[in-house]
Amino acid sequence: MTQVAKKILVTCALPYANGSIHLGHMLEHIQADVWVRYQRMRGHEVNFICADDAHGTPIMLKAQQLGITPEQMIGEMSQEHQTDFAGFNISYDNYHSTHSDENRELSELIYTRLKENGFIKNRTISQLYDPEKGMFLPDRFVKGTCPKCKSADQYGDNCEVCGATYSPTELIEPKSVVSGATPVMRDSEHFFFDLPSFSEMLQAWTRSGALQEQVANKMQEWFESGLQQWDISRDAPYFGFEIPNAPGKYFYVWLDAPIGYMGSFKNLCDKRGDTTSFDEYWKKDSDAELYHFIGKDIVYFHSLFWPAMLEGSHFRKPTNLFVHGYVTVNGAKMSKSRGTFIKASTWLKHFDADSLRYYYTAKLSSRIDDIDLNLEDFVQRVNADIVNKVVNLASRNAGFINKRFDGVLAAELADPQLYKTFTDAAAVIGEAWESREFGKAIREIMALADVANRYVDEQAPWVVAKQEGRDADLQAICSMGINLFRVLMTYLKPVLPTLSERVEAFLNSELNWDAIEQPLLGHKVNTFKALYNRIDMKQVEALVEASKEEVKAAAAPVTGPLADFPIQETITFDDFAKIDLRVALIENAEFVEGSDKLLRLTLDLGGEKRNVFSGIRSAYPDPQALIGRQTVMVANLAPRKMRFGVSEGMVMAAGPGGKDIFLLSPDDGAKPGQQVK
């Protein structure tokens, strides 16, 4: 029977918009999607959302390296991410970005409420500054030794070994990730969220049973060591949202990232023209359920900062956090050199999505355990379970039904008690899906598959088919096999969406959880076609080799004007306004004796003459050709004494140098002396 319908909002952690989706990411998105698909099969109203985490210095710097704007980079990355998730049949209702109007408005709203309620504190801090790059260093651009567990090579905000969070200034022997320089200390005013004010609430939430035991235990350690105020601001230059009424200060990426869950849902509601659901799901007393699927590396942010921010701004807290472990490949950390750092898109060129969905599902539980993708075991398990046990059950029976009975199943079950055994298992399997004990669900289903195949072996329809006068028996046996196959595939539908579609086409019937108690009797099925192909180790070898080649290609240096000459540090409008650019007429141009780089230009500014030395000789071997051209010059540059004379300004040119220098000229109609604005 269908349960009482619940309203459920499910999220996955937001992938960072500076890199491709890999098989480590896919564990979480597959886990969440299987759970969501099960909930939908049971009749619940589920909104499944995600977004790209699109802010922060890493994105700003990578865009500079690529020679594009951050907006262009995150736009391209969003399309790539969405293509990958669609390829794995992740059934999102909405996929958005934290760099959105919805997220900006909600971030400012939450910040304003926290500030009005006294939970935002201002104070001047000493911050690490890269003297070579001329910028304050974000947490992730400082590395050193963890002050808690003394693990080396840890980031400036949290330790990946012990999970501790800290200030970058607490790191032992810090180094700038950008330049390798030893950072120096500089003062800057920052904004802090008063997390300790929420300690009592957070401890009560922890004891409420809303968290996995392992997470609750870890949180207790953090409570015992004492909660600290959380720095939620970053200094320019920074790609993100500027803090209201604080020029040059930006929200730290971890403030607006989880708000991205709300922003994506708001965007979904707006697309639907739904003006009520956002408040219904996020109001403080909401009876909707909210679940975050996340990795164990971001528990601190989701179990402390996020619920405290929501509480302090009068929004509801999550119903639960569903935390998973990491993915290893062949028993070791994913490795680019070994070809086991595998992108989602690369996987789909060599294997189907259902195969990985099945393997991950078979290994997952509700605990925070790491999952090993053993590629040899993967091949064996997919072939043994999906091909030999499940699909083979249909193929062993469908041929007889199609050829001998025109695709029509028997009017009665051959073994009603056996069929009841299969349908009675729905309670145990459903509970396993519900509680995220996915491995248990798969074991239960495969045990039933063994029973079904044993039934067919014992009944031996291939023998019965040769015996005269036993057509009714043959139809009954094969119909029984197909009905058992239907029940198995109904249980597997959350895991294997592509295979399920093919099965539904063959059965001429939807795989519906609530319909399994009624077998298909006297029902016409369609012609059986191959449902799933066996896989082999040659595909694995090709996958690994392709991953190695992608790493080599990615290592090739990025070129282009912005990559070769990155955009300089941001200046203010007042700084720019100091530069006086003027149109100038080149009255004369000549070589400079004793220099193989310079030309001497005589410039007319509309009544005032200037003498300028310019290093453009390599691009203009015939200086006479410049006479009569107009150009643009910096008119208020202090005169510079050179051994050839005094240079009274600078002409504007583009290009990397050598022959590739291009003197800038204004449009026709500009007059000497006019200001360039």
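Any Cβ shown, glycine's included, is placed from N, Cα and C.
Annotated motif ''HIGH' region' per Swiss-Prot: 15-25, in sequence order. Under 8 Å from some Cβ of the motif ''HIGH' region' (15-25) lie the Cβ atoms of residues 50, 52-54, 56, 58-59, 62, 73-74, 77-78, 80-81, 84-85, 97, 326-327, 329, 334, 341-345, 347, 356, 373, all in the same chain and six or more residues away from its ends.
Annotation comment: Swiss-Prot describes Cys146, Cys149, Cys159, Cys162 as Zn(2+) binding site, evidence class sequence analysis. The local packing around Cys162 (Zn(2+) binding site), expressed as other Cβ atoms within 10 Å of its Cβ over all shown chains, amounts to 13.
DSSP states for the motif ''KMSKS' region' (333-337), grouped as helix (H, G, I), strand (E, B) and coil, give 0 helix, 1 strand, 4 coil. Under the heading motif ''KMSKS' region', Swiss-Prot lists 333-337.
Cβ neighbour count for Lys336 (ATP binding site): 15 (other Cβ atoms within 10 Å of its Cβ, all protein chains included). For Lys336, the entry in Swiss-Prot reads ATP binding site.
If you look up Swiss-Prot, you'll see 575-677 marked as domain 'tRNA-binding'. For the domain 'tRNA-binding' (575-677), the model gives a mean pLDDT of 89.
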Other than Cys146, Cys149, Cys159, Cys162, which residues of the chain come within 8 Å of the Zn(2+) site, judged by Cβ distance to the Cβ centroid of those residues?
Pro147, Lys148, Lys150, Ser151, Gln154, Glu160, Val161, Gly163, Ala164
Can you name the far-off residues of the same chain, 6+ from the ends of the motif ''KMSKS' region' (333-337), with a Cβ under 8 Å from a Cβ of it?
22-24, 327, 547-548, 551
What count of other C-beta atoms do you get within 10 angstroms of the C-beta of Cys146 (Zn(2+) binding site), across all chains shown?
22
Just checking, which of Cys149, Cys159 (binding-site residues) has the fewest C-beta atoms within 10 Å of its C-beta?
Cys149
Roughly how many Å separate the Cα of Lys336 (ATP binding site) from that of Cys159 (Zn(2+) binding site), to the nearest whole number?
23
